[in-house]
DNA sequence: GATGAGCGC
């Protein structure tokens, strides 16, 4: 820091009565002084500030403050970060001094996309056309049912179709037919009755109550190589609950063989999917969607 | 153009 006495500029004393300076000691007369000048920092980090003040004798003095900035930063900040400092500023920061602030709070308006308006009901997949139109628009939906794949409607444990999912042996603890009503009446330790044992439940007759979901199977051909099962699910879910998707993969090469299958809970949904998606352009190809002939076995 | 996997008593 250096303090130079400079002569007051010739014009100023005419307006300024120097005698008053003593009386008004401490009064803010700084507006009479030339504005503060800031030079740099230059490429060596040297910053020079020139300001003018009145000293106690009422004389104008020039104060030059020379500081070296970024010396510490230079040692710590990576080369890449230093490069970034040279980038042109944009947005609200356009008018900021270079190097005056490293970060700033943005007041710019940023629009966020929401999957749907807050508080509104999730889209019903009833109208296939509308749902299809929304395909690919994306949007994060956190609640996804692992049984039927439906998003934003219910959790896996509440799935209305969970009975169709393969059950673990441990939970298919079925009482003998005569005990069923007693258990249901609550006289036993448990009042729980497996769905397959409830009144009105479809009897499959066999000892294995787990249903094979090969019903309502739809064959999809002319798929592009990079269409995977999740893609098919996305495409077909809009018509109704899907029990299974499968894409045939070449075991040797691991690439898709260009066809797959989608099984629906409801036959009508499968039919609607066929009507709507057969001939539907997907990934530059025209899909073929038909009823599948039952698997040989 | 094309019709899916697999445990092995």
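For all residues, glycine too, the Cβ spot is worked out from N, Cα and C.
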Range annotated as region 'Disordered' - as stated in TrEMBL, picked from A:175-217, A:218-260: A:175-217
Per TrEMBL, the range holding region 'Disordered', considering A:1-28, A:29-56: A:1-28
